[in-house]
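Below is one structure; the comments refer to it alone.
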Amino acid sequence: MNKDQTLSHTTGRVSFKELQQIIKMGLVQGNLIPAFAGAWLAIVMTNHSFLSSIPQILLMLVGSTLIMGGACALNNYYDQDIDRIMPSKQGRPTVNDRISDRNLLMLSFGMMLIGEACLFLLNIPSGVLGLIGIVGYVSYYSIWSKRHTTWNTVVGSFPGAVPPLIGWVAIDGSLSLAAVALFLVVFCWQPIHFYALAIKRSDEYALANIPMLPSVKGFKRTRVSMFIWLVLLLPLPFLLSNLGVTFVVIATLLNLGWLALGFTTFRKESNQTKWATQMFVYSLNYLVVFFALVVVVSLIKMI
């Protein structure tokens with residue numbers, strides 16, 4: 001499809017549902033969970049008042065939402081060529097020409113600029129971490145690694161793990177071991193989560209010539225990599241031992257449960273897609289449960 005044809009079919013206003021697809025609202029919401037947990041933990045561990053910290057939390061969440069949504073919109077702009085090839089992406093407004101390139105870029109950069117303004121209003125570290133997340137996701141992941149190396153998921157995991165750091169520094173202004181621990185949890189979680197998704201869409205990525213690990217190295221190699229990242233998750237709850245024995249035990253059981261799920265089905269010649277789906281669903285629940293546990297346990301300690 002040439003440019004004239006694309007513009008001629010770009011008609012009407014983008015609906016709210018389509019806007020959510022453009023900025024990948026599901027992905028953004030998932031990242032707001034560790035961002036809030038980072039802020040909450042900073043309040044508890046540095047003895048800040050929750051009520052007096054509410055403005056910072058809200059500004060952090062708004063700023064984080066905007067920079068993540070803007071970066072995702074820019075990713076959708078850059079990925080239009082491969083999205084048109086992949087069957088699962090055919091419903092995207094960028095594929096159906098529901099938004100022009102000009103409006104898409106204006107939306108993307110507008111959101112990122114306003115989001116960065118919000119974060120810099122909080123403090124310089126928040127704004128700098130926001131910039132690191134944007135550059136890492138757009139440049140190093142979307143533009144470079146996604147199309148050139150099977151390490152793309154790991155590269156993308158770094159900017160994807162920045163939200164809890166932003167949450168922490170929004171309150172405290174500097175990083176701590178607890179903040180780094182939250183970063184590492186999200187960093188190690190992402191390859192497992194996205195490899196599971198990539199297994200389910202392996203044929204699509206191969207069709208679009210995207211070097212995702214399952215498409216290039218195969219299913220068995222990808223499962224081994226997922227186990228490595230699962231093992232790396234195991235010691236991380238101990239970095240948050242200040243939250244108490246109860247937290248460490250429950251978080252460790254959460255990790256062991258994920259490992260057991262993967263190992264049990266790994267030993268069987270089960271359907272690859274079914275196995276990947278089980279791991280993917282667990283990953284979604286894991287993220288919510290782990291960070292909810294961080295908030296609840298720290299709340300109990302504060303009371």
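Even glycines carry a Cβ here, placed using N, Cα and C.
Among the features that Swiss-Prot reports, transmembrane segment is placed at 25-45 (among others).
According to Swiss-Prot, the feature transmembrane segment maps to 54-74 (among others), an assignment based on sequence analysis.
Summarising the annotation, Swiss-Prot assigns transmembrane segment to 118-138 (among others).
Annotated transmembrane segment per Swiss-Prot: 166-186 (among others), in sequence order, evidence recorded as sequence analysis.
Residues annotated as transmembrane segment in Swiss-Prot: 230-250 (among others). When Cβ-Cβ distances below 8 Å are used as the criterion, the transmembrane segment (230-250) is approached by residues 45, 177-178, 180-182, 184-185, 188-189, 192, 256, 258-259, 262, 293-294, 297-298, 301 of the same chain, each at least six residues removed from its ends.
Look at Swiss-Prot and you will find 280-300 (among others) tagged as transmembrane segment, backed by sequence analysis.
Of the ranges 25-45, 54-74, 280-300, the one with the most Cβ pairs under 8 Å to the transmembrane segment (118-138) is 54-74. Distant neighbours of the transmembrane segment (54-74): 22-25, 27-28, 31-32, 35-36, 39-40, 104-105, 107-119, 121-122, 126, 130, 133-134, 137-138, 142, 163, 166-167, 170-171; these residues of the same chain sit at least 6 beyond its ends, with a Cβ under 8 Å from one of its Cβ atoms. Long-range neighbours of the transmembrane segment (280-300) within the same chain, counting only residues 6 or more positions beyond its ends whose Cβ lies under 8 Å from a Cβ of the stretch, are 30, 33-34, 36-37, 40-41, 44-45, 182, 185-186, 189, 192-193, 196-197, 200, 240, 243-244, 246-247, 250-251, 254, 257-258, 261.
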